[in-house]
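Scroll down for the structure; my scribbles are underneath it.
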């Protein structure tokens, strides 16, 4: 047994025995043989047998060896090749019985083992995968039975390929760049040991699978839905084709380790399958035929039938002709038989999306819509062929339908309405300006830009009177008064430019300012100046501001 071990197995053995496990294969083999000749412990002997069973999981044992443990021990001392060729301990050929060593419980004393708690091959069926056609069953669903009370369990399986299966896998190889894919694949699947219905893929906790000593790539964990909930892997098979030996003489071993759960058991199976594309599945869906439109009409009448116990009655149903997945017009309208709604989705896009990420969930009601339940709606096919410029329809109580206004028509109507409104707006504005100009004489204008404090001051004080600098008793010198008059900020300079206003309706200045020139002496330098023209101009400016 030690001579048939490989480097990795020799390192495990030496490490288990506490010896140095570094070096080349002949060095490791020499150390293991010295360990065996020096008299190793029973635990080390059990480890050697365990490693040997993993190396050669299928062992051909005769019925005589099953009945006589001494004969079996003698046969076990023979080389593995002689044992598999069918020679017993006395060197004579004997009928052989293949036994799969499924774990540590399959020791040499097989007749003395207790009966298993779980059936080895339960009547478990896995769900059919739409994108994979099963060609052969390499290992039928087998229970992952725990052989002891320990939490961590480990089981070993084995299978062999026939020449035809090897040819199928080899001929389906597709090398693109650095990646090698196979159309015919070897799949490893796990599920719960339930016989009530076909089971979907379900992985045990802390699963670790090795094929021929190499670890398998398991699907990544899904994000947890709640805090504190154990992470779950997606329900998908494991492709182990690249780890399988494409040989008819050397068997393939699968070592599975997991964490046992109370009240729950799992099963494992290996299949030879052929992968299909989305176009093939779409062709198969079309070959099933189109469902009779009368089925959809009956569903419409059922939904729109008035319920005598309800105060609310539905008289029509609006359905979109756009796919809820791609927001484009339907090409092949389909829905699941289990769905109760009329809205369809595009079959091509739905199958392509599930090819990338197989969820098979209806995009309308979020319920399961598996491929085998999909149907092509004949009523929607008629609607799509007869109504080309409409994106939405309305079903009536008698099962008939009518197109709704399309988006293009709504845009055209809104555009024409905007243009009409744009033409009417200048005329209305002109009419409003005309009416405002005709009524400007009767309307009192209030300046809302002034704050309340300035309005209060204006109410307390009388209207400002323009006083002449030369007439004021406190006026400064003449030259300063003239300069102040020209440099004073005038409202005329602050008013913006405005069109000329007809002054025919402006009343004459109020007789508030009288001629006081005969009361006050006027200097000779200012005698030629006409100050009343300034006052009249100021009043005219105020009148213009009021009209504006």
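The backbone N, Cα and C atoms fix where each Cβ goes, and this holds for glycine too.
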Among ranges 369-423, 424-478, whichever one TrEMBL labels region 'Disordered': 424-478
Contacting positions for the domain 'SAP' (2-36) when only residues 6+ beyond its ends and CB under 8 Å are counted: 44, 47-48, 51-52, 54-56, 80, 213
Per-state residue totals over the domain 'SP-RING-type' (308-389) - DSSP helix, strand, coil: 22 helix, 18 strand, 42 coil
Helix, strand and coil totals (DSSP H, G, I; E, B; other) for the domain 'SAP' (2-36): 26 helix, 0 strand, 9 coil
